[in-house]
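As given in Swiss-Prot:
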SIGNAL    1-24  signal peptide
DISULFID  CYS58-CYS70  disulfide bond
DISULFID  CYS102-CYS120  disulfide bond
Amino acid sequence: MRSGCVVVHVWILAGLWLAVAGRPLAFSDAGPHVHYGWGDPIRLRHLYTSGPHGLSSCFLRIRADGVVDCARGQSAHSLLEIKAVALRTVAIKGVHSVRYLCMGADGKMQGLLQYSEEDCAFEEEIRPDGYNVYRSEKHRLPVSLSSAKQRQLYKNRGFLPLSHFLPMLPMVPEEPEDLRGHLESDMFSSPLETDSMDPFGLVTGLEAVRSPSFEK
């Protein structure tokens, strides 16, 4: 009888061990790879950077013409796809411009339609302050929004202004272009009703946007 109880206890312990092994626990201090979404195949982020003492703060933007510059706030062209292409190496692509962030021989950033492993892949390093540095293995320079004059001034110093980036989630979900245009045209084509509870016609304009559940 006693041996039977021992066998039952063994089976129970084995079952508990398998259950725990099959479901890894999530710890609150799991590490930066969890908080920064490094486990995701593609991260949608805005890359925020700022100069000394918080001056010249902006978001990296890849425009449709391939120009890479600063956006004062989050915009459609500052929304980026960050995708791992190798160990600790990523490719960065503009969601709306459909251009890859790439670096020229002089360290100038540009957006290219064709991905190049040499010019458009960057080593991703997370710093203790939470900011990321993206460095080109080929050119041995960090991604930076600094000007040509600044790059020359800081040459061989191991640091460039506007080269530390904070990955940020989009603050406002994007609306479909056709819906946003429709609402804006309706909103600004009608005169304001100053004595109305809805002077801008927001409620009226949104009545056309109905949940699929209402159609049941």
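Note that Cβ sites are derived from N, Cα and C of the backbone, with glycine treated the same way.
Here the features listed in Swiss-Prot are placed on the structure.
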residue	record	Cβ within 10 Å
CYS58	disulfide bond	18
CYS70	disulfide bond	14
CYS102	disulfide bond	25
CYS120	disulfide bond	23
Length of the line joining the Cα atoms of CYS102 (disulfide bond) and CYS70 (disulfide bond), in Å
16
Rounded Cα distance, in Å, between CYS120 (disulfide bond) and CYS70 (disulfide bond) is 19
Is CYS120 (disulfide bond) helix, strand or coil when read with DSSP?
coil
